[in-house]
Amino acid sequence: MSRLQFQLQTRDGRARRGRLTFPRGTVETPAFMPVGTYGSVKGILPDDVRALGAEIILGNTFHLYLRPGLDIIADHGGLHGFCRWDGPILTDSGGFQVFSLAHRRKITEQGVTFASPTDGARVFLGPEESMKIQKVLDSDVVMIFDECTPYPATEDVARRSMELSLRWAQRSRNAHDELGNDAALFGIVQGGVHTDLRSRSAEALQAIGFDGYAVGGLAVGEPEHERNAMLDHLDPELPSDRPRYLMGVGRPEDLVEGVARGVDMFDCVMPTRNARNGHYFTSFGTVRIRNSQYARDMDPIEPGCGCVACTGGYTRSYLRHLDRCNEMLAPMLGTLHNLFYYEKLMADIRAAIEAGTFLAFRESFYAARGAVAPPL
């Protein structure tokens, strides 16, 4: 029996307002999950992550398995004790990271053999191995092991990939149950940009039975309109009483469009990675702090923002100086700002759904950027 309870509280159009309840805490949805690839959200403390409004974070099974290894994490009682985060954690299965090693991997029915990016050693990962690793990590949400369908892919390639992922999904389900793991287990819908394959994947996953359903294989190069079309197609085909997770999709616009199409959960490295590259998100667009126009700019990143970078009086001029000097404080302040922006965006979205004003919120979101909302 899964430790996860999901309550769908209200809707506004297709946008959903809900709550995930775990023994380690509750998560208000729609939710954005900061990514802690190696067991930390880069550059900031777990208490900072919590203070920014995050209630759940993501850990990376693939990288944690390779380094530091399961024995060391087990010494700490699992990933929560290792990284000092006491709230819920979702761990991915490693499938996407294996996908990214395109020239150093071999896929068979059993799983994937690849050269470790850390030391070149031969490593095998399959559904059973992924479930065992995630059991040791003791995450609150476990993802099945799947193959991320590349883009572009012919329908035949996408079909064979999707069918392999379905067989791995059943093996993941079996292994998860045999391990006696009471963490939530999420299935992952694949099928590329082919609606019939997405439908087959969603139907087959529901026949197996999972605690939540993720949409994978997007944000891999496809145009935005194709991604939105897949979400439009899947919205009525996924069970309404289970959480829905759009994997790895993370521009602010993508979050708004995902929510508009029934998505409950998101993750992406974008707010943290972009902060390290001097790109700061605001309600009016992106501040690229390395541009010369900010050399003597006395404003904070976003006037009126409640993050510590903006309320602390740090000017764009100062942040540009820190960035140009490669000072550690620049990405730290940028990360604090970007994650604050993302978590506040999600809080504002939740409030708009509760008030029945999400569509108006969506229009104003784009208007502030000088843009027009894409069609729904």
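A Cβ is built for glycine as well, from the same backbone N, Cα and C atoms used for every other residue.
Its Cβ placed at the centre, ASP92 (active site, proton acceptor) has 31 other Cβ atoms within 10 Å. According to Swiss-Prot, the active site, proton acceptor annotation covers ASP92, on the basis of sequence analysis.
Less than 8 angstroms from the CB of ASP267 (active site, nucleophile) sit PHE32, MET33, PRO34, VAL35, LEU58, LEU90, TYR245, MET247, GLY248, GLY250, each of them six or more residues away in the same chain. Residues annotated as active site, nucleophile in Swiss-Prot, with sequence analysis given as evidence: ASP267.
Taking a C-beta cut-off of under 8 Å and a sequence gap of six or more, PHE96 (substrate binding site) has these contacts in its own chain: CYS148, GLY216, MET247, GLY248. Positions annotated as substrate binding site by Swiss-Prot: ASP92, SER93, GLY94, GLY95, PHE96, ASP146, GLN190, GLY217.
Around the Cβ of CYS305 (Zn(2+) binding site), a 10 Å sphere holds 18 further Cβ atoms from the protein chains shown. The Zn(2+) binding site feature in Swiss-Prot is assigned to CYS305, CYS307, CYS310, HIS337.
Same-chain neighbours of the region 'RNA binding' (248-254): 32, 96, 218-219, 224, 227, 266-271, 281, 341-342, 345, 365-366, counting only residues six or more beyond its ends whose CB sits under 8 Å from a CB of the stretch. Summarising the annotation, Swiss-Prot assigns region 'RNA binding' to 248-254 (among others).
Looking just at the region 'RNA binding' (272-276), the mean pLDDT is 99. The region 'RNA binding' annotation in Swiss-Prot covers 272-276 (among others).
Note: CYS310 (Zn(2+) binding site) has non-local neighbours PRO300, ILE301, GLU302, PRO303, GLY304, HIS337, i.e. same-chain residues 6+ apart with C-beta under 8 A of its own C-beta. Neighbours of the substrate site: apart from ASP92, SER93, GLY94, GLY95, PHE96, ASP146, GLN190, GLY217, residues of the same chain with C-beta atoms within 8 angstroms of the site's C-beta centroid are VAL98, PHE99, MET143, ILE144, PHE145, GLU147, CYS148, SER165, ILE188, GLY216, MET247. SER93 (substrate binding site) falls outside any helix or strand according to DSSP and counts as coil.
For the region 'RNA binding' (272-276), residue counts in helix, strand and coil come to 5 helix, 0 strand, 0 coil, using DSSP.
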